[in-house]
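As recorded in Swiss-Prot, the features of this protein are as follows:
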type: TOPO_DOM; residues: 1-63; note: topological domain 'Cytoplasmic'
type: TRANSMEM; residues: 64-81; note: transmembrane segment
type: TOPO_DOM; residues: 82-91; note: topological domain 'Extracellular'
type: TRANSMEM; residues: 92-112; note: transmembrane segment
type: TOPO_DOM; residues: 113-145; note: topological domain 'Cytoplasmic'
type: TRANSMEM; residues: 146-166; note: transmembrane segment
type: TOPO_DOM; residues: 167-192; note: topological domain 'Extracellular'
type: CARBOHYD; residues: Asn182; note: N-linked glycosylation site
type: TRANSMEM; residues: 193-213; note: transmembrane segment
type: TOPO_DOM; residues: 214-258; note: topological domain 'Cytoplasmic'
Amino acid sequence: MYPECGVETKSRPCSKQLQEEVSYPEWISRSYVELMSLNEHSMQALSWRKLYLSRAKLKASSRTSALLSGFAMVAMVEVQLEPNHAYPPGLLIAFSACTTVLVAVHLFALMVSTCILPNIEAVSNVHNLNSVKESPHERMHHHIELAWAFSTVIGTLLFLAEVVLLCWVKFLPVNSPKISSNETSAVSSGQAAAITSTAIMVPFGLVFIVFAVHFYRSLVSHKTDRQFQELNELAELAQLQDQLDHRGDPVQSPVHYA
């Protein structure tokens with residue numbers, strides 16, 4: 001064992017003495033190497049975080065799309081129209097169009113998730129840091145974001161509209177009065193139920209839109225802060241590189257004039 005610092009002996013020098021013996025260019029070189037290694041590890045960690053985020057988005061999109069598209073198909077098949085009731089033409093057209101668009105949007109998101117997710121899962125299960133380069137999540141980033149937006153934003157809004165239209169189609173014929181020319185129209189219990197569901201769903205849809213906009217702005221602000229932090233780290237690396245490039249330049253001594 002080596003004695004403590006301050007004891008006069010011929011043992012190895014203390015760490016403070018070693019630090020004093022290191023010249024300034026060597027210290028700059030070591031700092032640059034350390035920062036480069038940290039930057040490489042941080043880039044790999046960032047790639048792995050993007051991979052896990054893409055995988056989570058695809059899983060959420062596939063589950064949500066399968067659930068909501070299945071509900072829309074069952075709702076269209078199982079709904080029973082009253083043959084003796086005169087439905088408004090616009091109601092049936094809106095219900096059919098909303099159901100079709102809802103199923104198409106969610107099937108598109110489900111198709112993207114089904115095609116990309118197995119390739120990402122295969123890479124994420126390999127216990128190797130460099131295997132992240134084999135994942136297609138960087139190249140398919142726009143497709144993943146599009147599928148996630150279709151499934152969680154557009155698909156959810158269409159689902160809310162589907163619920164409202166389904167309530168009108170289902171409850172409108174209930175206790176509908178037969179109005180003659182001498183009688184005034186009255187709101188039936190079925191119409192009241194449909195109006196109530198619409199009055200509840202419209203504010204909820206507005207709250208959903210406000211939350212989606214607020215969440216998107218918060219996410220963009222967080223990404224912007226992270227970009228500024230990475231730019232500052234790159235500026236520090238560039239400064240250290242500049243100091244390393246000029247460490248061999250001769251220092252000009254001041255000239256004294258008589």
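We number each residue from 1, going along the chain as drawn.
Cβ atoms are placed via backbone N, Cα and C, with glycine included.
The listed stretches are 64-81, 146-166, 193-213; of these, 146-166 has the most Cβ pairs under 8 Å to the transmembrane segment (92-112). Distant neighbours of the transmembrane segment (193-213): 153, 156-157, 160, 163-164, 167-168, 171-172, 174, 187; these residues of the same chain sit at least 6 beyond its ends, with a Cβ under 8 Å from one of its Cβ atoms. Mean pLDDT, taken over the topological domain 'Extracellular' (167-192), works out to 72 on the 0 to 100 scale.
In the topological domain 'Extracellular' (82-91), helix, strand and coil residues by DSSP number 3 helix, 0 strand, 7 coil. Helix, strand and coil counts under DSSP for the topological domain 'Cytoplasmic' (113-145) come to 23 helix, 0 strand, 10 coil.
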